[in-house]
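Student: In case it helps, TrEMBL gives these features for our protein:
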{"type": "ACT_SITE", "residues": "His226", "note": "active site, tele-hemiaminal-histidine intermediate"}
{"type": "BINDING", "residues": "Gly62, Ser63, Gly64, His65, Asp118", "note": "substrate binding site"}
{"type": "DOMAIN", "residues": "11-341", "note": "domain 'DhaK'"}
{"type": "DOMAIN", "residues": "381-574", "note": "domain 'DhaL'"}
{"type": "REGION", "residues": "339-374", "note": "region 'Disordered'"}
Amino acid sequence: MAFQGKKLINNPDDVVTEFIEGLVETYPGLQYLDGFPEVKVVIRADASGATYDKVAVISGGGSGHEPAHAGFVGEGMLTASICGDVFASPSVDSILAGIRAVTGPMGCLLIVMNYTGDRLNFGLAAEQARSEGYKIEMVIVGDDCALPPLLGIAGRRGLAGTIFVNKIAGAAAAAGLSLADVAAEAKRASQMVGTMGVALSVCTLPGQVTSDRLGPGKMELGLGIHGEPGAAVADLQPVDVVVSHVLKQILSSETNYVPITRGNRVVLMINGLGATPVMELMIAAGKTVPKLQLEFGLAVERVYTGSFMTSLDMAGFSISIMKADQTLLQRLDAPTKAPHWPVGSAGNRPPAKIPVPLPPSRSTKSEESLSRPLQLSEQGRILEAAIEAAVNAVIVMRDSLNDWDSKVGDGDCGSTMYSGATAILDDMKKYYPLNDAAETVNEIGSSVRRAMGGTSGVLYNIFSKAAYARLKANSDSTVTAKQLSKYGGASAGYRTLLDALIPALSVLKERLTAGDDSSTAFVLSSEAALAGAESTKDMQAQAGRSSYVSAAILATVPDPGAMAAAAWYRAAALAVKAKYEKASS
């Protein structure tokens, strides 16, 4: 069912002019012509037609594709951008105003995306400008690879590959080339690039209803940047599958969209369509590069990932691939002050990954000290049983912990604890020096630090490292709880894991002082841990995400972190008790 789209705007008719106002307030190197609402032109603040001594490079079209094209105005890229209304070609008068504002004796190159309205309006403006004495050239960009090659007089649509053409032409102009040479480089670049997009949703125009053309679980292949239907609608697939399909379409030898063959050098653009998180764009980039290298035999020289040419709030991305040579790479790497051209993409690519440095505890100790002992001592067997019982208790609680945490936190406590528990279990089998309790606890901290994220991972790492220091010094182990309080900021009664550990350590110290044997004291302290964890239902959270949750909700579940701590502590205590009883029987 269609519904009114949500937009953070004022009058839908003013979105383009208000966008331009915000843009030039943000970037002091930009200005706009005082001709609103008919003339919507963004120009370089340092480019005046009367004195400008380089070829002016102008692009533009309908708005709604931001940052294209106004966000790419700046030294080394566009001299001006002509903005139409949303998804509507700019008027001839607006284009002429832009030409007159920035074109000097070197002339002007118009870079136009292949849409009928843009071709007509820019073409008519070019003719008028020539009649006024301006030197004008025009390059049409049609890089769409989604639709069949034979498209009559319409031709292929202009898409995100246009951004590459803008950059190459802008760099050539900045280098002082003539109008003919700048136009030649732009035209050559336009013939070397292919683009195809994939959308998960249709965009919503300001003031309009949201289309429900794409149903749940569907994606559209080859969707246009104005929301026009694509080549096909398909079931949503993993990004690996989507990327493979798009690459095969762009690089197809049957359609010959782009002159790219095995062994060529290429540059890649992963372009967000407006509502795609950076995380998803980077995932797509990470999957695209090795496919180009291994499946198509291409050398990927540059990767540009971000939102360059959007379609308002459309969810999805497009992939653009351009054949590269040294001259083209130099143009792409050339400096620019265009605010939305990505920094950090220039230059040769070092290896994507390097080895993880080993922590000092592993890099400085002998291989023997880091290996699981061939023969476990009695204490080593007890420690192994305690660790195994503790982590298995956490593993079986994963779903319960996540369920509790979904009510009072971010819902990942069980998954986080599970990651740490499985890492400890795996690492213990490989290299924990179980005959040395202190070193084993230290290695548990290393496992936790590597595998557990979030606050829990940090706290358990602190706990392990503090326990290691106390064990090495044979001092009071209750200090470890103080370390957690020191760095985490929580205390007893704050509804955290300390509400399980502090009562446990208090009872443990009390029972050992009273003369109980260590295993009995351990079990009794574990009962205190469990009672303390369950009592968190009656506490108002004062630390962590739970501190933002109402008391009524908190009263329905115990603190998941405290319950996890009580569970592993209790399991370890019972395992130690069982081992001692078996040894004495």
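Cβ coordinates come from backbone N, Cα and C, glycine included.
If you look at the structure here, what lies around each of the features I listed?
Tutor: Residues within less than 8 Å, Cβ to Cβ, of His226 (active site, tele-hemiaminal-histidine intermediate) and separated from it by at least 6 positions along the same chain comprise Gly62, Gly64, Phe87, Ser311.
Using a 10 Å radius centred on the Cβ of Ser63 (substrate binding site) and all shown protein chains, the other Cβ atoms total 25.
Mean model confidence of the domain 'DhaK' (11-341) amounts to 94 (pLDDT, 0 to 100 scale).
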Student: Residues with Cβ closer than 8 Å to the Cβ of His65 (substrate binding site), same chain and 6+ apart in sequence?
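Tutor: In sequence order, the residues whose Cβ lies under 8 Å from that of His65 (substrate binding site) (at least 6 apart) are Ile225, Met309, Thr310, Ser311.
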Student: Around the substrate site (Gly62, Ser63, Gly64, His65, Asp118), what further same-chain residues have their C-beta within 8 angstroms of the site's C-beta centre?
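Tutor: Near the substrate site, beyond Gly62, Ser63, Gly64, His65, Asp118, sit Gly61, Ala68, Cys83, Gly84, Val86, Phe87, Ala88, Ser89, His226.
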Student: Could you check the binding-site residues Gly62, Gly64 and say which one's CB has the most other CB atoms within 10 Å?
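Tutor: Selected residue: Gly64.
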Student: State, in Å as a whole number, the widest CA to CA span among the substrate-binding residues Gly62, Ser63, Gly64, His65, Asp118 given in the record.
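Tutor: Looking at Gly62, Ser63, Gly64, His65, Asp118 as a set, their Cα atoms extend up to 15 Å apart.
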